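Novice: Okay, handing you the structure first.
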Ligand code: PEP
Ligand code: MN
């Protein structure tokens, strides 16, 4: 699949002078809840109302969605407010029911995108549709799996396509529920510049007080839209309570967001610079992560030296490391001076770590 200029047509058809906004609860809970939220989102920047009907839960026993009955509530909400309706579909049966109930937008969830069989089944069920289909990134940070899903949909002649960046699972603790790994979404955007890219700050952050910040980051990176979980009573939501905001908080978030014009020369500069800075920030975090890992090994070396009563400083070994790194560094365009300075600092830190262990 190549970039296709027509990919963005469905988005331009909205004729918005701001990014596309999709909002609504994580899950449809009751008819009353759906209607109340939809009414509050009418006459705002929101164009599409979202609600999960079938909920993929990590563990059984949680609320797994109200099922097909919820589609009727969405039809009512649409008739009353004029908002387009979006639901998550995870198999052909979901697609069939969603189409029968005239749902306008179908999104494929992160747990489904990881499974090529499921995405293919959905693509086949949607073959040639004129509905809008949005593909969330897979749970794991794998750009080709995400692109693969997109290709399955594109090959099924689905023309109104977009992708949603909702962050990625990691085993490490971070401040996010799902690590954004902005670089992956930027790579997607560079490969398909005309493919609408939507950020899901709710699932990235998992916390309502971080939604503003991540939404702004997405707009600074020239995303086309945002999908934000919105509930009339977030604390008592049946799923994802911590990350949902009220309709009035959502309106405040939009009021405070700085939306950049695409055409301005200065904006082009800012946008490109932001992309580059995001990449630098990610590299810097990785450097620290690697250094932290290296020092953990140094601690183990310290413990072994203590056990065997061996001296910390092993000059021969240190010279060998330095020579090897100078030669590898020069192949990567890094100067000898820089490598010497860098590795002296790393070596010193490593000695300090070992010193602590030996003297403990
Ligand atoms: C959702 O949007 O409610 C959802 C389940 O999201 P994800 O697939 O990103 O986890
Ligand atoms: Mn959710």
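Just so it is clear, glycine is given a Cβ too, placed from its N, Cα and C backbone atoms.
Okay, so TrEMBL annotates it like this:
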COILED    259-286  coiled coil
DOMAIN    267-358  domain 'Chorismate mutase'
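Can you tell me where each of these features sits in the structure?
Specialist: In this model, the coiled coil (259-286) carries an average pLDDT of 82.
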Novice: What are the DSSP helix, strand and coil residue counts for the domain 'Chorismate mutase' (267-358)?
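Specialist: Its residues fall into 82 helix, 0 strand, 10 coil.
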